[in-house]
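I have placed the structure first, in the form of structure tokens, so that the comments after it can refer back to it.
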Amino acid sequence: MPPRRDLKKILIIGSGPITIGQAAEFDYSGTQAVKALRGAGYRVVLVNSNPATIMTDPELAERTYIEPLDLEHLEGILAREAPDALLPTLGGQTGLNLAMALYEEGILQKYGVELIGAKAEAIRKGEDREAFQEAMRRIDLEVPRGQLVGSVEEGLHFAREVGFPVVVRPSFTLGGTGGGIAHDEAELVEVLSRGLTLSPVHTALVEESVLGWKEFELEVMRDHADTVVIITSIENVDPMGVHTGDSITVAPAQTLSDVEYQRMRDAAKAIIREIGVETGGSNIQFAVDPKTGRQVVIEMNPRVSRSSALASKATGFPIAKIAALLAVGYRLDELPNDITRKTPASFEPTIDYVVVKIPRFAFEKFRPLRNTLGELKDELTTQMKSVGEVMAIGRTFKEALMKALRGLERDVRALAGVRTEELEKKLYPNPDRVYAVMELLRRGMPVEELYQATRIDPWFLHQMKEIVEAEEWLKTHPPKDREDWRFYKGLGLTDRRIGELLGKGEKEVRAERKALGVVPVYKTVDTCAAEFEAYTPYHYSTYELEDEVWPSQKPKVVILGSGPIRIGQGVEFDYATVHAVWALKEAGFETIMVNSNPETVSTDYDTADRLYFEPLTLEDVLNIVEHEKPIGVIATLGGQTPLKLAKGLEEAGVRLLGTPFSAIHQAEDREAFHALCQRLGIPQPEGRVAQSPEEALRLAPEVGFPLLVRPSYVLGGRAMQVVRDEGELKRYLEEVYAPLEERPSILLDRFLEGAIELDVDALSDGQEVMVAGIMEHVERAGVHSGDSATLLPPVHVPEEALKKVRDYTRRLALTLGVRGLLNVQYAVVGEEVYVLEANPRASRTVPFVSKAIGVPLAKLAALIAVGKTLKELGVRDLDPVPPYYAAKEVVIPWIKFPGVIPELGPEMRSTGESMGIDQDPYLAYYKAELGAGQRLPLSGQVRFIGEGLEDLKALYQEAGFALTEGQDYDLLISLVPDPELRRAVERGLPFITTREGAWWSLKAILRARESGLRVQSLQDWHQKAPRG
């Protein structure tokens, strides 16, 4: 069937800021779909409020709108662009809910826009819990007994009938938001009231519990001709009761019998047909009772999902790309498989390896905060809480598991020092469970006992036991020949771990292994278990005999990715590495990407010339460098993860491209940087470095309180705090510093109260420096720069101070010898400027600044790293200032951490960001707020909590707002961590926790009242910017 030529222009809705449950996987799938549709001759309009994405690059879609994802702005875009169709299945839950709202409000019909990929009825059947259960009954498939309820009373009535525990699943929410498990009536009242509030349609499914059952997923695709293919099966290592996004998962499924698998496949095909997903992909989840084999259907996502990104990376089958092409009328048998070029997309992938995904969490960021429910528990439930994930590929489950664990950048023996009885308490679902299980296996706990405590299938527990037994044997039987070495390395044991077991250093073990010629070989991900030749170089390491990867003789560059997304190191760094790959490819280099994150564009098989899906450890990276022999490695674009490898790589004789390691070290080493600033005459706040808690207490009075204290070498403000007296400092040293594994030195800085903070991104070639963007923070000093709203260009900083900022930035860049990007943070008090820190690497603001000024900074940085100058790259304007304002606001997933009271401080907690652009700074800020989900009211009631707020109250009253002391408000302003803030979070109401935020918000509200709505594409904004 030829593609539809009646459609010319297609609108794609992105998923908005990155948050828990909706991360970089939608940037990956959206980017793939835009490229596919444009390649097929369609015009594509994209709307997304998230600037930190590849999909919002102005070169990708024909028209790109960085606008809030709400009905008003979308209607404005529909009116302006007049697309023929809307593809709603690529923007996660946000995109799907918006598409449904546009349809239900009659807005799509008004502008004659057709929904393609999934019709409204199919979305409703897949997403509405009751409709889905009815559909399953029609095709004789079992679902857990459940009832859709609209009130707590109905829920209690049903739970009394089926018995506790019950599971609560709110309708149309993301990552299980608002859901949970209730073990008794009191818990049901709590979970269900929250779930009903958070569901956009205020309903939730209460269903019988299948806790402890095995959980499986199938990724399914269907075309117009009713061809249905199963892309892969995925098995959750953690049993039912843990959200699949928080489970360790493995593909293909390991413990299903052939009969069970065939039954599941038949069910999946029947489901996608019954729900009516005419074209595209769906993810269908099943539970299997391990005792009886009873199989029930849990739910489906009639869209591209987190699991489809994982399935794409696990198999090499580009689900989002194919889904986009099916939506415009192609059939599966008409689309070629990019990897083999011989087989069509209707051939189901076959894989001869095992893939393991492990989630990454951030409980430690939220635990120190006040909580209305007591201490924050790290228990994993049906509500997703992980912020990122790592994927690894091996020939066996054991090898893939161990590679994935080291990809998390955490010691496999993290719990070695914990007492056995404490470990036994860590067997409930929590981020440490896999470490506790392995540690207890080392201490001889039987598999059966572990199974009873965890309900993890005994097959997985036996696999872990075999790893532990091999480690034990190794202690007394060192490897003596190649076979021994290959056996131990094939289990996924690192040189470092083998060294620990034998009492040797990592370098010594590496030398012994290499002397015997034992090095990894590289295999290819080819979708067909080596039945056809693979043309797309997508590789993983293993310790076998046959190598499938032959390095070319071309000049090549290795770019190190950033590993799993976490708070402080988000998709912004993936953006920088992808841009570097594209720029170096255009310049004629062969590009080699090393990364372990399945959610991202960097690990798409067609981003770099070669992709190594490997953990970012020194051992794994050195193996690749020795195999490929590149001209050098770029380690400064992926955040702290690759930066930590820079020293080891340089010591091993690897050439680091761009900024030399000496410059990185000089900027990060506190004393060296202080000496440099003194030499250059650049002021810094008073500060000292202590090597121990005792020294910190002695030096503190010399610097003077209040102090900003933190360990050296951290990202995202980990363990950073403002302390106001000696008592607070003592508490910090005992509660925050003492538990740190590495015991780094302690930095004590004088805290400048009331200063305006600035963030500066610059680009240097060693001779000239481009000061690309100066951003003013809305929140004052003391709030982590990654959690502050920012404006570019600054609004409240005197020109005299800005001149100093440019001058200091240039001097720092040239003296440090930066070749590439540099981020500097300043504090401004009046016209005085103090430098806080400098980081000679890509920062998290690079995508935002690039979008704001229309200059691809990361691309230029990569070309400078291989020897180009700013002049040669055509950069003329070294101080670009756009003739409009760009604002950035952050998103913090407060809702996912029960009871936590929102509070901003020096430790970063945001997961994502939104952007607003306007001629007026306050309107840009208003748009950024809307884009981040903070719907500031234009009128209504405001409640204030805290002392000394008379001036703000007067301003809000003057603007026509009524003040209230009650619960019925439209906006909450609380400058103290009050439990009312938690209630606002759970009711989805806007709230503000800083004086500056309250002031900016009021200015924004006043401007928004006057001006009404304006939408404009990024391409149009860039027309106005002076071309660098």
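Cβ atoms here come from the backbone N, Cα and C positions, even for glycine.
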Listed co-binder of ATP 2 (same site as R710, R750, L752, E757, G782, V783, H784, S785, E837, source Swiss-Prot) among Q767, Q825: Q825
The one of V242, L752 whose CB sees the fewest other CB atoms within 10 Å, among these binding-site residues: L752
Reduced DSSP assignment, V242 (ATP 1 binding site): coil
Distance [Cα-Cα, Å, rounded] between E837 (Mn(2+) 3 binding site) and R710 (ATP 2 binding site): 13
Neighbouring C-beta atoms (10 Å sphere around the C-beta of H784 (ATP 2 binding site)): 23
From E215, V242, N839, the binding-site residues whose CA lies within 10 Å of that of Q825 (ATP 2 binding site): N839
N839 (Mn(2+) 4 binding site) and H784 (ATP 2 binding site), Cα-Cα, nearest whole angstrom: 15
Cβ neighbours of R710 (ATP 2 binding site) where a neighbour is any other Cβ within 10 Å: 22
From binding-site residues R129, E208, V242, Q285, R710, the one whose Cα lies nearest N839 (Mn(2+) 4 binding site): R710
Position of peak Cβ density within 10 Å, selected from the binding-site residues E208, E215, E837: E215
Candidate binding-site residues R129, E208, V242, Q285, pick with smallest Cα gap to G782 (ATP 2 binding site): V242
